[in-house]
Each structure stands twice: as structure tokens, then as C-alpha cells.
Amino acid sequence: MRGKKPHKELKLSVPAQETPVDKFLTASGTFKDGELRLNQRGLQLISEETADEPQSTNLKVEDVQLSMDDLEMIQVIGKGSGGIVQLVRHKWVGTLYALKGIQMNIQEAVRKQIVQELKINQATQNAHIVLCHQSFYHNGVIYLVLEYMDRGSLADIIKQVKTILEPYLAVLCKQVLEGLLYLHHERHVIHRDIKPSNLLVNRKGEVKITDFGVSAVLASSMGQRDTFVGTYNYMAPERISGSSYDYKSDIWSLGLVILECAIGRFPYIPSEGEGWLSFYELLEAIVDQPPPSAPADQFSPEFCAFISSCIQKDPAERMSASELLNHPFIKKFEDKDLDLRILVESLEPPMNISE
């Protein structure tokens, strides 16, 4: 396998030249892109049919539009698609938020991702999706005021516990599947970047999907995409090979994530234990090799079957989010009164913040 070229060449492009941010600013300092308007007063979408008569669709989660003057910066907690994420506190009421700031001196592809993320966050209201309270534009930066998930990501949890037991995996997976069901069937969104660091957890044991910077909206639940974006480790074979793909690509990614949580390592391992020579070699393995599976001598038949239902190279053979919610593995633990709080409360939080 060493020295071989990828099974199918990737079409890599040179980054586009940056577009002056002034191109997207009105005289009043409002960021504009198509139907989207964003300024210090918040976000507004203008439908193409009524472009001459703007109608605000202001978010209703907060009673008063936030600004930078209302927020106290505490510390950087991560990097999302195209931006830095900081933990901030509302100066007057003490509420903690995750504030994602995105610089706008800007390549066209990045700008499109940002606009897409804003639109998806504006429209999404679900218990298993990280809530975007508000967004605003300030001094060349777009800010998203996001729900703060105080126990970090699934990646943080894996670092501490190494592996997660089946009962907790079932509870965790059910929550993610409910979020995916909402995205796929109600919002017609393919997330395209399901991975441990994009699944966040709070002290109540709630698991929520975040980071829509590379998500795609389809015209209907039967649509397909053919673009190459997302984190390659968890990318479905049909996406790597340049084929059209749909919602089932998220199911592949979820299957790899859950299997990784169970076995304590990324499911694809290099030959001869030497490590992957390059990410092209890993992509080739995902396309050419048989899909990984859960060891039958270590896990229940229900769990093994669940993983197999997710990690099928042929997307037509993968179950949908709706079907997986009725899988025997998920149903097996539904009446056990399991609570992820038991797991997360036993772990060190990613940071200690006095509220």
C-alpha cells in the first residue's frame, strides 16, 4: 500500500483570492450577502420574492439584542469552522455563552460557509442541536452567540475515559440520531462534519450537534450533493471518491464516531502499525478496504449489528436516522432509566468557571 496513489484523485484547488469586505457592507455598516443582512442590531433575512419590502425574522430567544458591550470575555475554548470560539459571560445577568467570532476579510468559499451557517442557525430549533441565541456584526467580525455546553465535546470525554460502555453509547447515540432526524427530514440539511469534537455535552447529560460551517441544505429529503468538504477521517466513501451523496453520509460518520467511543481508537488502523503515511493513504483505505466492524467477542450482537447498519460502503445499505432510532440496540436500553449525567459528573470538566 505504501507509495500508491489514491484510488481516485482528489480535485484540489488553490484558495480563492480574498474579497474586500467592503464589497459586502452597506453605508450603515451592515454586512449583506444575498438575502442576508447582519449588523449590531442582529440578523435579518429577506426573501427573494419580497426583496423590496424587507421583513425581519429576528430571533426570539433573547428579549434584547446583545452587543459586545454586554459580554465579558473569559477565555478561548476552541476553534470552529472559520473562527475562534470564546467563553463569555453576560455582564448583567451572568449567563455563560460560547461566542464564535468569524473574521470577514474573506475568501468567497469561506463567506458562503459563514452565510450558510448563519441561515441554518437562524432556522434551527431542536433539543439536540446547539442553540444559536443571536448573531451580530461588529468591527469586521460576525459573532454567533451560542449555547454554552459546559462539559465540552465527546472528544474531551474520550480523552478521559478512553472507552464508553454500551448502555451510555445507546443513550448518547439516541440523542444524536434525534438531532440528525430533525436536520435531515425537517430542515433538509446534511451536516457533513459529524465527529467527536462536534458533539457537545452539558452537565445535564444532554448531547447536541454543533458547527454548521460546512453543512449543505438540499431542496428536498431526496436530494444529493457532490462537493468535497468536512473532516476527512469520518468522511463516507462516496464523498471521498467524488460521487453524489445524501443524508446517509452523516450516518457513516456517526457509525465511525460511536465505534471509536467503544473501542478506544479510530476504527481504521494502518498496515504494519507504522501510522498513516499521509491523509491520502487513509482516504484510499476508507474507499478500498472493507468497512470496520465491532469485535463480536467484545460487544453485544445488537451493538455489532447497529455499527454494521451505519458503516456500509453502499449508502443504500445504510439505515436512516429514523430507522436507527428503532434499532434493537437503541431499544435495548430505553427502559433502563439510564442518565448520561452519571457519566459526565464523574469526569473533570474541560474548565472550571465560577458563574
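Positions of Cβ are set from backbone N, Cα and C atoms, glycine also.
According to Swiss-Prot, the active site, proton acceptor annotation covers Asp193, on the basis of sequence analysis. Mapped onto three states, the DSSP output places Asp193 (active site, proton acceptor) in coil.
Neighbours of Lys79 (ATP binding site), defined as other CB atoms within 10 A of its CB across all chains, total 11. Annotated ATP binding site per Swiss-Prot: Ile77, Gly78, Lys79, Gly80, Ser81, Gly82, Gly83, Ile84, Val85, Lys100, in sequence order, evidence recorded as sequence analysis.
Under the heading domain 'Protein kinase', Swiss-Prot lists 71-330, citing sequence analysis as support.
Feature annotation from Swiss-Prot assigns phosphoserine to Ser221.
As annotated by Swiss-Prot, phosphothreonine applies to Thr227, with the evidence given as similarity to another entry.
Looking at Val85 (ATP binding site) and Asp193 (active site, proton acceptor), their Cα atoms lie 17 Å from each other.
Cα separation, Ile77 (ATP binding site) to Asp193 (active site, proton acceptor), rounded: 19 Å.
For the pair Lys79 (ATP binding site) and Asp193 (active site, proton acceptor), the Cα-Cα distance reads 14 Å. Each residue contributes its Cα atom, and for Gly83 (ATP binding site) and Asp193 (active site, proton acceptor) those atoms are 16 Å apart. A simple way to gauge crowding: the CB of Val85 (ATP binding site) has 19 other CB atoms within 10 angstroms, across all the protein chains here.
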